Amino acid sequence: MSETTSARPRVAVYGLGYVGLAMAVLLARKANVTAIDIDENKIDMIARGVSPLIDADIVEQLPQYTDSITATATAPTDHSEFDFVVIATPTNYDPDRNYFDTSSVEAILTSINDEDTSTAVVIKSTIPIGYTARMAERCSNVKLIFSPEFLREGRALYDNLHPDRIVVSNEHPEGAAFAELLVSCTDMENPPTLQCASTEAEAIKLFANTFLATRVSFFNELDTYALRHGLDSSAIIKGVSLDSRIGDYYNNPSFGYGGYCLPKDSRQLLANYAGVPQSLISATVDSNAVRKKFIVDAIACDNPAVVGVNTLAMKAGSDNFRSSSVFDIISGLQERGIRVLVFDEAIENPAEFDFDVVDSLEELKRESDVILANRVTPELADVMDKVFTRDIYHRD
């Protein structure tokens, strides 16, 4: 059990998804954390030391910190008691506005600003470039800090404990203090730490994720070329990746990049480029759509009557299927008149979807002519003759 003392910093964390819950567990190593979310079922689970998310490190470590994490669905009325308030609420991409939906962040910021307590507020949510500076003008009663997250779904706490880098904005001295707190909570002796202007920190986040999207798109287009010409994708990828400047990582073909971060971050960066010459960013976004159409064509050319989908999530070991590219594949197949069956244990309400959800993997195997698997799992070993996948290396 962690030791709780009055000398420990006090931190509030709003939003207990992958970013917020991983941050809460991380900070609980050195701070007393008030964890806030509107989902009362999630709050109940966290209070009992049970992770509501599939993340091995959170599952293992959350029970160790139940004495230093107070989970609640009720927002504090006085934020002056906290050394830091962390906002990690979702900022979904709004296609109509061509912009992140930052309404949840703004609601919390405005509420704290109205208290007039000079509270240090750290935004961990992904936001457009220039957002922190604009909100700092509107919310002058808070010390606004931006610190981007660089996490993988399913390994969010691990990536916090072993960060490639820690980035925190430098407009307020509290930014340096927050960076020191993050460093003290990691399992690394001296993780790379960068302090810069908030606008630059925002750009770091969006450019980093868009580069990853570009890399995914590159190897997907390589794979598309190989498939079209009857070539061995794995041989080409291996030969390309042995170049130390390129590297043998993040090069496993897929049905297109997806998940919560890469699609929305690349589109937001493209929107931020308004009036700025570019072609690569828009090409990355377009390439992903082209890849998904190619996958649909490749499946449909064999005229299957029923296509099964084994899990909607993009990554193995994840229960998060938000913005998964698999949804676009399903829609494309349905437009061709192909019936689609889905098995995914994370689906709680099948009525929310416009495809048929089956109760077991065995039923999916039995009823499907083709089984779609963005990432192959051992459970499919007995039906690999039915499986359509581009998962060459069996890794993300």
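Keep in mind that glycine also has a Cβ here, set from the backbone N, Cα and C atoms.
Under the heading active site, nucleophile, TrEMBL lists CYS261. According to TrEMBL, the NAD(+) binding site annotation covers ASP37, LYS42, THR91, THR126, GLU153, LYS264, ARG322. What TrEMBL records for PHE150, LEU151, ARG152, GLU153, LYS205, TYR250, ASN251, ASN252, PRO253, SER254, GLY258, MET314, LYS315 is substrate binding site. Taken from TrEMBL, the feature domain 'UDP-glucose/GDP-mannose dehydrogenase C-terminal' applies to 305-395. Taken from TrEMBL, the feature transmembrane segment applies to 12-28.
Separation of the C-alpha atoms of LYS264 (NAD(+) binding site) and ARG152 (substrate binding site): 15 Å, rounded to the nearest whole number. A straight line from the CA of LYS205 (substrate binding site) to the CA of THR126 (NAD(+) binding site) spans 8 Å.
Cα of THR126 (NAD(+) binding site) to Cα of the residue listed as 'active site, nucleophile': a span of 9 Å. Residues 2, 34-37, 39, 42-43, 46, 51-53, 55, 58, 61-62, 65, 68-69, 71, 75-76, 79, 82, 84-90, 104, 108, 124-125, 149, 151, 153, 156-157, 159-161, 181-182, 185-186, 260, 320 of the same chain lie 6+ residues outside the transmembrane segment (12-28) yet bring a C-beta within less than 8 angstroms of a C-beta in it. In the domain 'UDP-glucose/GDP-mannose dehydrogenase C-terminal' (305-395), the DSSP tally of helix, strand and coil residues is 27 helix, 17 strand, 47 coil.
Other C-beta atoms found within 10 angstroms of the C-beta of THR91 (NAD(+) binding site) number 25, with every protein chain shown included.
Here the C-alpha separation of ASN251 (substrate binding site) and CYS261 (active site, nucleophile) works out to 18 Å. Comparing ARG152 (substrate binding site) with LYS42 (NAD(+) binding site), their Cα atoms are 20 Å apart once rounded. Each of the binding-site residues LYS42, ARG152, LYS205, LYS264 was scored by the number of other CB atoms within 10 A of its CB, and the lowest score belongs to ARG152.
Fewest other C-beta atoms within 10 Å: among the binding-site residues ASP37, THR126, PHE150, GLU153, PRO253, that description fits PHE150. Every protein chain shown contributes to the tally, and the Cβ of GLY258 (substrate binding site) ends up with 27 other Cβ atoms within 10 Å. Spatially close to the residue listed as 'active site, nucleophile' yet at least six residues away along the chain are THR126, ASN209, judged by Cβ distances under 8 angstroms. Recorded residues LYS42 (NAD(+) binding site) and GLY258 (substrate binding site) have their alpha carbons 25 Å apart, per Cα-Cα distance.
In the three-state DSSP classification, LYS205 (substrate binding site) falls within a helix.
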